Amino acid sequence: MSMETKWWKQTENTRDLDAQVQEASTLLKDKQVVAFPTETVYGLGADATEEEAVQRIFEAKGRPADNPLIVHVADEEQVGQLVAEIPPVARKLMDEFWPGPLTLVLKSNGTAAVNVTAGLSTIGIRMPDHPLALTLLRETGKPLAAPSANRSGRPSPTTAEHVYQDLDGKIAGILDGGPTGVGVESTVVDCTTEMPVILRPGGVTKEDLERVLKQVMMDPALADEKQKPKSPGMKYTHYAPESPLWLVEGNDDFFSRQLHELKKDGNRVGVIASDELAEKLDHYPLIRCGSRSQLHQVAEKLYGALREFKESDVDLILCETFSEEGVGAAIMNRLNKAAVKRIQTF
Ligand code: TXA
Ligand code: MG
């Protein structure tokens, strides 16, 4: 089934903007799904209290029904409407990092539609740090369930164009707020256990969290997932670009030699490289993703870079690996999931 997807283009005129938000909000109240910008990536929103509306998110994305959605709120009062309790740790994190790229997993009180939480007794909630998202939430007056607005398995969208590429004809509309700033998704922290656990690294770093909490741990399953790309023949199903992504772990000379070998064998290779590596390579096509010593730049550009190379143009994509410090943990988590192969010096 196909529908007309409205694309509300960016406007400086506040009266136009008000009208756009009004229109989007009316559709949301009518149980339709609308994409909107957040500070991390674009989200695909629906009224989190309406099962039928939420179902449309899963259908548009082709998302497996057992993967729960994050609920977006405009204020802390809305959190209280959705959860059984707010433990002190969660309160602290909300005070410190909201609005911002941090999702808190809390005990649900059952108010959200059952498909939002995929049947779990917990619910993931965040307050986005984006004026358009907050205005839309206030105008709609409902918490909005919103996963990243990509087709399931594809890189998350950091521009309205990316959303359009994936979901044109499948959703009611796209509110265009220009490119998103953080570039990787929110950090998901489980606050239902004795010690808070990072389930997904993201825009708020472990180091940020450690400044506020006595203790926080990484979900051990994250380390397992890191190993996966090493196993040959792994099918890529997360954040996947059109052509297979290979990661190169080693110094710049090593990267250069690998690239040379692959080209010699007749492969059409696309390269994603930091400014520092790009300076040392004489290669086209190449996409720069910022300085490796400014990892927030890499985070901002990563998903756009993964979408840039088309299957018709390159046989494979070669990308360097980055430090896992700070937001580097999120960058490497996504790259490891997107990659089918890893080449190492040792
Ligand atoms: O930055 C973001 O978080 C973006 C923007 C749109 O807000 N949203 C996003 O949603 O990345 P999504 O659906 O692509 O990722 C949600 C993640 C998934 O890994 C999901 O399993 C986890 O959050 N999640 C949601 N609710 C959960 C829960 N109750 N318990 C554990 N994990 C949960
Ligand atoms: Mg996603």
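Glycine residues also receive a Cβ, built from the backbone N, Cα and C atoms like all the rest.
Going by TrEMBL, these are the annotated features:
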type    : residues                                     : note
DOMAIN  : 18-204                                       : domain 'YrdC-like'
BINDING : THR40, HIS72, THR122, ARG126, ALA146, SER186 : L-threonine binding site
BINDING : ARG63, ASN67, SER148, SER156, ARG200, TYR239 : ATP binding site
Where ligand 1 binds, which of the binding-site residues THR40, ARG63, THR122, ARG200, TYR239 are close by, with Cβ under 6 Å? THR40, THR122, ARG200
What number of additional C-beta atoms lies within 10 angstroms of the C-beta atom of THR40 (L-threonine binding site)? 29
The answer for which binding-site residues (ARG63, THR122, SER148) have a CB under 6 A from ligand 2 is SER148
Report the same-chain neighbours of THR122 (L-threonine binding site): residues 6+ apart in sequence with Cβ closer than 8 Å to its Cβ, ordered by sequence. VAL105, LEU106, LYS107, SER108, ASP190, THR192
Can you tell me the mean pLDDT for the domain 'YrdC-like' (18-204)? 97
Determine, using Cα-Cα distances only, which of these binding-site residues is closest to TYR239 (ATP binding site): THR40, HIS72, ARG126. THR40
Return the single residue from the binding-site residues list (ASN67, SER148, SER156, SER186) that has the minimum number of other CB atoms within 10 Å. ASN67
Three-class DSSP assignment, ARG63 (ATP binding site), comes back as coil
DSSP, reduced to three states, assigns THR40 (L-threonine binding site) to coil
ATP site residues ARG63, ASN67, SER148, SER156, ARG200, TYR239: biggest Cα-Cα distance, Å? 18
Far apart in sequence but close in space: which same-chain residues, 6 or more away, have a Cβ under 8 Å from HIS72 (L-threonine binding site)? THR38, GLY43, GLY45, ILE125, ARG126, MET127, PRO128, ALA133, LEU137, PRO143, LEU144, ALA145, ALA146
Count the other Cβ atoms sitting within 10 Å of the Cβ of ARG63 (ATP binding site), across every protein chain shown. 19
